[in-house]
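Below: one structure, written as structure tokens.
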Amino acid sequence: MNYLVVICFALLLMTGVESGRDAYIADNLNCAYTCGSNSYCNTECTKNGAVSGYCQWLGKYGNACWCINLPDKVPIRIPGACRGR
């Protein structure tokens, strides 16, 4: 019985945990993807591993793409200046 617990624990550690988050997708300069349509954002978000995405009109960063369940490896917009503009 103890072996079963140890094996299950080892498998859990080996598989890793992939989490996601809802956020504004950003480029490498901390600039949110600007948008005009939901289809553009959905394409960009899903291309980067999110479940879906839409254009957030007049949001915190203007008209920007909001992604649902975006992987941790994809950069998101963080507070501070957009260094590209």
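The backbone N, Cα and C atoms fix where each Cβ goes, glycine too.
Note: Swiss-Prot links Cys82 through a disulfide bond to Cys31 (candidates: Cys8, Cys31). Each of Cys35, Cys67 is a candidate, yet Swiss-Prot gives the disulfide link of Cys55 to Cys35.
Out of Cys65, Cys67, the record in Swiss-Prot bonds Cys41 through a disulfide to Cys65. Close to Cys65 (disulfide bond), meaning Cα to Cα within 10 A, are the following recorded positions out of Cys31, Cys35, Cys45, Cys55, Cys82, Arg83: Cys35, Cys45, Cys55. Comparing Cα positions, Cys31 (disulfide bond) lies closest to Arg83 out of the recorded positions Cys41, Cys45, Cys55, Cys67, Arg83.
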